[in-house]
Amino acid sequence: MASEGEAATHYTTDDALTRIGFGRFQTLVLVYSGLGWVAEAFEIMLLSFVGPAVEAEWGVSGAEQGLVSSVVFAGMLIGSIAGGLIADRCGRRTGFLFTAVVTGIFGLLSAFSPNYASLLALRFVVGLGLGAGHVLSTWFIEFVPAAKRGTWMVVSHCCWTVGTILEALLAWAVMPVLGWRWLLALSSAPCFLLLVFFPLTPESPRDVLLTSLAEFPGLLLAALLVDRIGRKKSMGGMLLMCGAFLAPLSVQLGEGLVTTLLFCARTCIMGSFAVLYVYTPELYSASTRNTGVGITSSLGRIGSIASPLVTLGLLESCHQKEAVYVMDLVLFLAGVTCALFPRETKGCQIH
């Protein structure tokens, strides 16, 4: 009897999820969290199309065009931390309600920006909402059995790729006819879809008990590796491979080879990015998971803020090789850093 009581005491949420497996309910949760990834991809991807259009309409400089992207990532830096704190204190559902409301409303309002300054201010607030988007990822991971957690998390990241493709198609159809303001307005639609289906979403079981085309190969690679060789080796290996692919770009190459190398580099980057979103939530308990992921995500936004300013500045001054050197160095150091991560989380339970 004592042994039975002891076994019952140690029957965890992960034990229950493992016994249930990945079924219809988890599929619905995957679809909802995937819609969140699509919404985020829309808002990030549109920056590539809106920047040049704003430059043409308001006569802003290349650096000011880059600032349109940088302010979004500056907002994401703050929003990552705020969203994590909200989700850990008020519940996961409240956390992604925050990201959907802020991103959707201010994304729509930015379509009516009367001038450059107001566009920057509104896109900064959009960034606040986008920064909290990691809540959907951690919410989904808490419903998935431990044995296949890495694989299903990578699958969910495929929705980001779908979002980038859909946004590119939307821009192709809308921009020549209706202009960039309509693109901003229509790109906020996925956030409002999140709000429509929000009443049907369950709270995380942990809270109940306690509280584009080049990306697909990378996600497939990550899905194959993450549950087989572990999180640290997967991330480190793919990041170091990406340094390997960018290095030849520092010399004069033919256009076809450049495209191939960039494709391979993007493949590795997306794979390592997906694994990171598996590894980080597994390091924290349920009561601090979103806060920890939020702080980690916010640090990553520092690079997102600096990247448009640095790379556009170097490219405008005809320093293409130096721009490649900077990217290559950062990715190489990131790959080496993976070897210093504290522990491997492959197959571990989360609590």
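Placed from the backbone N, Cα and C atoms, the Cβ positions cover glycine too.
Per TrEMBL, domain 'Major facilitator superfamily (MFS) profile' is recorded for 29-351.
Annotation comment: TrEMBL describes 29-54 (among others) as transmembrane segment.
Positions annotated as transmembrane segment by TrEMBL: 66-87 (among others).
Residues annotated as transmembrane segment in TrEMBL: 94-113 (among others).
The transmembrane segment annotation in TrEMBL covers 119-141 (among others).
The annotation transmembrane segment is assigned in TrEMBL to 153-174 (among others).
Marked as transmembrane segment by TrEMBL: 180-201 (among others). For the transmembrane segment (180-201), the list of distant contacts is 29, 32, 35-36, 38-39, 42-43, 46, 49-50, 53-54, 57, 93, 96-97, 100-101, 103-105, 107-108, 110-113, 129, 163, 167, 170-171, 174: same-chain residues at least six beyond its ends, Cβ to Cβ under 8 Å.
Per TrEMBL, the feature transmembrane segment maps to 208-229 (among others).
The transmembrane segment annotation in TrEMBL covers 260-279 (among others).
Remote same-chain residues near the transmembrane segment (323-341) are listed as 231-233, 235-240, 242-243, 246-247, 249-250, 269, 272, 279, 303, 310-311, 314-315 (criterion: CB distance under 8 Å, separation of at least six residues from the stretch ends). Under the heading transmembrane segment, TrEMBL lists 323-341 (among others).
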Same-chain residue ranges lying at least 6 outside the transmembrane segment (119-141) that approach it to Cβ under 8 Å: 29-30, 32-33, 36-37, 39-40, 43-44, 54, 67-68, 71-84, 86-87, 92-93, 95-96, 98-104, 106-107, 109-110, 113, 149, 152-153, 156, 191, 204, 277-278, 281-282, 289-290, 293-294, 297-298, 301, 350
Residue numbers, six or more beyond the limits of the transmembrane segment (94-113), whose CB comes under 8 Å of its CB atoms: 36, 39-40, 43, 79, 82-84, 86-87, 119, 122-123, 125-126, 128-133, 135-136, 139, 181-182, 184-185, 187-188, 191-192, 194-195, 198, 201, 290
Model confidence over the domain 'Major facilitator superfamily (MFS) profile' (29-351), averaged pLDDT: 77
